[in-house]
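Notes for the one structure printed next.
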Amino acid sequence: MSETTSTKKEEKLPLNWRRALPSNNSNAEENLVPEREVFGLIPRGFNPEDYLRVADIHMFKEPHEINKQQHHTDQYYSPKLIVRRGQLFQIQIDFNRPYKPGTDKFWLEYLIGRYPQQNKGTYIPVLVGDELNPGEWGAKITHKENNSIRLSIMSSASCIVGKFRLYVAVWTPFGILRTVRNSETDTYILFNPWSQQDTVFLDDEKEREEYVLNDVGVIFHGDVNDIKLRSWSYGQFEENILDACLFLMDKAELELSGRGNPVKICRVASAVINSRDDSGVIAGSWDNTYTYGVAPSAWTGSVDILLEYYSSKQPVRYGQCWVFAGVFNTFLRCLGIPARVITNYSSAHDNNANLQLDLFLDEEGKVDTKTTKDSIWNYHCWNEAWMSRPDLPVGFGGWQVVDGTPQETSDGMYRCGPASVQAIKHGHICFQFDAPFVFAEVNSDIVYSRMEKSGAQVIEKIDMTHIGKLIVTKEIGGDGMMDITEEYKFQEGSDEERLALETAVMYGVKKQITQDTVYHPQTDVDMDFQVQKAILGSDFKVTITFKNKSHNYYSATTYLSGNIVFYTGVMKSEFKKHTFSVTLEPSSSSTFDVVIKSSEYLSELLDQASFHFFVTARINETGKILAMQKATVLEIPTLHIKTQGETVAGREMSVIVEFTNPLKQTLENVTLRLEGPSVLRTMKKDFRQIPANSTLIWEVKCTPKRPGLRKLIASLNCDALRHVYVLEFSSSWRSHFAGSISQDLLSPEYSQLSVPTRH
């Protein structure tokens, strides 16, 4: 060997002089497993046929069979066996002759990845014994008949989650004989919220049905004063979705040995759901431009997005927060982690990590957009995942915030969480991951300040109640709204809430107020304003009210600024400026109206019809400034769905979507989408034009696959009109009915079908 070659060899050796295996971070890759593993030399006359040999393996993997029924995996559209860890499942092995316990010896081998190792949990030999220990790998013969045996297998409650390859190994005096590679015996092992030994155990059956098994949900949006909802098809059981979700962990290069830990899985998934720094699933767009892609408002569910990414390996265009949250929810529920989508109204985006929202005013009392970097989103959607947190002190398990929307980097990547909801509520933001950012989203104060010519910073107002006004999720077993604000924060203004904020400040990096800061709020004059609810395309008014609590006469110069904003609070343009003077008489209230005409905003309107109004008033006698801001959303027209024909599984029926254009203009390049898990895959139809005041009717034929309660989701999208969904109805349609449905069963944003089994 030459000196140069020797040097190259030495450079490849690791520091501990051991040969390391490459990273094992792909579930899809496999290694070659020998069918024969001989012990030394094979003697003459050795014939493998003389020994016990596996003829066939029965996995009991059909939806109606014992394994999928007991493991709550019968809804997955997959021909493979899918089980949950830490729970018994059954297989049957047929041998070439009757099994003899005294002389025959065999065991099972489960492998995952290309470089399986026993100490990493990626190679699992399962021995056949007389007893099974709960939550530990083992197998036991429960029945013998002729050449067949029935095995009851227990998997580890901390097992890696993924797709395992199964081999049966038979011992002979001269070597080991294995079954050939057979993809039909592949076994998916998922998290198990039904097992007390699993870190994702959830002890309420109704919650498990909602947060693991429900494949359609409701996502809330709009504004805190005008809450809207839309349905979302999670579709976690649809064909190839499980493989697509496993691929995401491969894409994130998460070591297989770490895939039994829900904390690690959530951490890497929150990064790979977005495409900012790792070419992940969804490319975000917040600039109202969706060229060469689908507008975020047009998506009706996660299935199309995940399957497109799984196929192309390229980011899918486009998404915003509810799309990231919807797809993330599918990923979590598909793997067996209980999950739900959360909406936080008036959600803060703290750019400088000081746990407060800093709004800087100019000399006239207007917001200085050059120096103000923090923003307030009308709403923001994220996810909660249920798990224990052995990496944190006792009491911080349960719901954890995880967020796939790219807002700020964490450990060098755009991701967020998992952060304990309990830690956020009590201000213990020192616990990983990203608790300070989430705390600021729900419980920071808004500080209005301006800089005087002397250099002194004057704080005009501190608003302690605007941020995190309402935090909601879908109710269990229905489609109503469940208020969970108190899970994130104590009652606003209470001693407990202020203590939580002080605790967060102690643990966080909040900047201390300098000595030059002066805070003397105006106390004897109050100002408020209300925005009239209005339909898109109509005029409306803003009503400003002053209340002079003193015995003094005051005059005020008032400025109203109306802005077209993205729902993230980022301003696109100012469409309304109005300045007026008012006289405030002692101990009295005064009301003033400002009319907003449709001609002022229609040409500039963004896809969520969202406005932001900012009103400031300078009290001329004292120089004090009153400031207040509010967001509002216009009412958008809706879709209607109805059905025709027998609603029987296996029989064709019709779904009819109707839409009437209420605007005074023709809608162009309109796209309709319709989908429903177990009813039909996503259908899409383009319409060139919908004239003003005309009605569009689209009929789709479909054949429901399964009996039971089913839901249809539709959306309409065009450049002039987005976020058009189905009309909201009362909650009476929640009940399950057999036979044909009535018009009363049409549900919020979807039609609800109760499909009986075909006879």
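Yeah, the Cβs are placed from backbone N, Cα and C, and that goes for glycine too.
Since the structure is predicted, the reported quantities are computational estimates derived from the model, not experimental observations.
Features reported for this protein in TrEMBL:
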| type | residues | note |
| --- | --- | --- |
| DOMAIN | 313-406 | domain 'Transglutaminase-like' |
| ACT_SITE | Cys321 | active site |
| ACT_SITE | His380 | active site |
| ACT_SITE | Asp403 | active site |
| BINDING | Asn443, Asp445, Glu492, Glu497 | Ca(2+) binding site |
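The subset of recorded positions (Cys321, Asn443, Asp445, Glu492, Glu497) lying with their Cα within 10 Å of the Cα of His380 (active site) consists of Cys321, given in sequence order.
The local packing around Cys321 (active site), expressed as other Cβ atoms within 10 Å of its Cβ over all shown chains, amounts to 28. In this structure, the C-alpha atom of Glu492 (Ca(2+) binding site) lies 26 angstrom from that of Cys321 (active site).
In terms of local Cβ density within 10 Å, Asp403 ranks first among the recorded positions Asp403, Glu492. Note: the Ca(2+) site is recorded as Asn443, Asp445, Glu492, Glu497; in the same chain, Ser444, Met464, Thr465, Ile467, Gly468, Lys489, Phe490, Gly493, Arg498, Ala500, Leu501 also have Cβ atoms within 8 Å of that site's Cβ centroid. In this structure, the C-alpha atom of Asp403 (active site) lies 24 angstrom from that of Glu497 (Ca(2+) binding site). Taking a C-beta cut-off of under 8 Å and a sequence gap of six or more, Glu497 (Ca(2+) binding site) has these contacts in its own chain: Asn443, Lys489, Phe490, Gln491.
Across the domain 'Transglutaminase-like' (313-406), the DSSP tally of helix, strand and coil residues reads 15 helix, 41 strand, 38 coil. Within 10 Å of the C-beta of Asp445 (Ca(2+) binding site) we count 17 further C-beta atoms, all protein chains included. The separation of Asp445 (Ca(2+) binding site) from Cys321 (active site), Cα to Cα, is 23 Å.
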